[in-house]
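First up is the structure itself, then whatever we jot down about it.
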Amino acid sequence: MLIKPQSTSSFPLNWDAIFPEKNPLAVEIGFGNGKFLKTLETTGTNVVGFEVSLLSVEKAMKVIDHTKTALLLMDGIWGLRELFSERSVDALYINFPLPWPHKKHASRRLFTLPKLQIYASRLVDNAILQLQTDVKEYAEEAIRNSEESGLFSLADYAVRNEVQVGTKYEQKWVSQGKKIYKVVLRKKRHVSVPNYLDKEVIMPHAIVHDSHGTLKAGTYRTTFGTIKLWEPFSNNQAMLLIPAIVSDDDFIGVSLQQRVYISVSPHREGFIVKLDNHADVFKTENVKSLIWLIANQISNGNIKRINVQPPSKLEYEPA
């Protein structure tokens, strides 16, 4: 099954209500061709897979058991933190992640301390966190960081040169004569990591007296991240459709980037500024900032009613 949590009314998700049978919960971050998901299905667990590639999601949808596996098209670190309660995941798997070898990209690696804290917070006590990689240095760094964090201990470390599961990258690296390094970590200590998203979702919107103000396209840096705003589209019904890309950069080198469309349309009290009806996005703090920004500009500050707060920081760079 394909899950679109952007439209849900509360976080984290109730996974027991999503799956038809109540089983232990396993999560894979970056499932590629879906072969490892199929392996997990045979273990009697409910499986959740995260992937940022639409093509990978489409391929996996054709092979998974839709009663046992749920797929999400989104960043797995963000999803693990926002969609799961603390101590709710029984096992976490990361297969052949990008190693990000350059020092300037170190924060993007998946075994930094802030990310390890997220893993430890969502995993049940004594659960396993498993990594497979073809990069020895990456495996060693994962072990070192995990043990130094005090959150995980090393349960197993194995090296092989044959295909076991048949994932795309496993087959590729083995065919090139590379070794595969398998690291199994066990949760040692719990740590609490709060969600970024509000537990109860509100639909951000504003009512303005008029919409004749000037909308300034460009890049805005707010308290919560970055907003890239483009010129609006308009029609003869006095409606505006305003495209933007919104990034919430709240933590650990991973930002949630969303393509957002804001509509401005006539309302009995003037005009209403809100997410377009077809906008399938998380209502993050920076999406709320976007609503305030547009409402403030098109009304020349004459906002009649709004259910979000202005960002405490707002810097503008023209397009």
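Here the Cβ of each residue, glycine as well, is placed from N, Cα and C on the backbone.
What Swiss-Prot says about this protein:
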BINDING   E28, E51, D75  S-adenosyl-L-methionine binding site
BINDING   D134, T167, K168, Y169, E170  substrate binding site
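A map of Swiss-Prot features onto the structure.
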residue: E28; record: S-adenosyl-L-methionine binding site; contacts (Cβ under 8 Å, 6+ apart): F36, L37, L40, V47, V48, G49, F50, L92, Y93, I94, N95
residue: E51; record: S-adenosyl-L-methionine binding site; contacts (Cβ under 8 Å, 6+ apart): G30, F31, G32, V57, A60, L71, L72, L73, G76
residue: D134; record: substrate binding site; contacts (Cβ under 8 Å, 6+ apart): F96, Y169, W173, K178, K179, I180, Y181
residue: T167; record: substrate binding site; contacts (Cβ under 8 Å, 6+ apart): G32, N33, K35, F36, N95, F96
residue: K168; record: substrate binding site; contacts (Cβ under 8 Å, 6+ apart): G32, N33, K35
residue: E170; record: substrate binding site; contacts (Cβ under 8 Å, 6+ apart): N95, F96, Q132, V163, Q164, I180
Translate the DSSP assignment of E51 (S-adenosyl-L-methionine binding site) into the three-state scheme.
strand
Take the Cβ of D75 (S-adenosyl-L-methionine binding site) and count every other Cβ within 10 Å, whichever protein chain it belongs to.
19
CB-centroid shell, 8 A cutoff, substrate site D134, T167, K168, Y169, E170, site residues removed:
G32, N95, F96, Q132, Q171, K172, W173, V174
Provide the number of Cβ atoms within 10 Å of the Cβ of Y169 (substrate binding site), excluding the reference atom itself.
18
Other than E28, E51, D75, which residues of the chain come within 8 Å of the S-adenosyl-L-methionine site, judged by Cβ distance to the Cβ centroid of those residues?
I29, G30, F31, G49, F50, V52, L72, M74, G76, G79
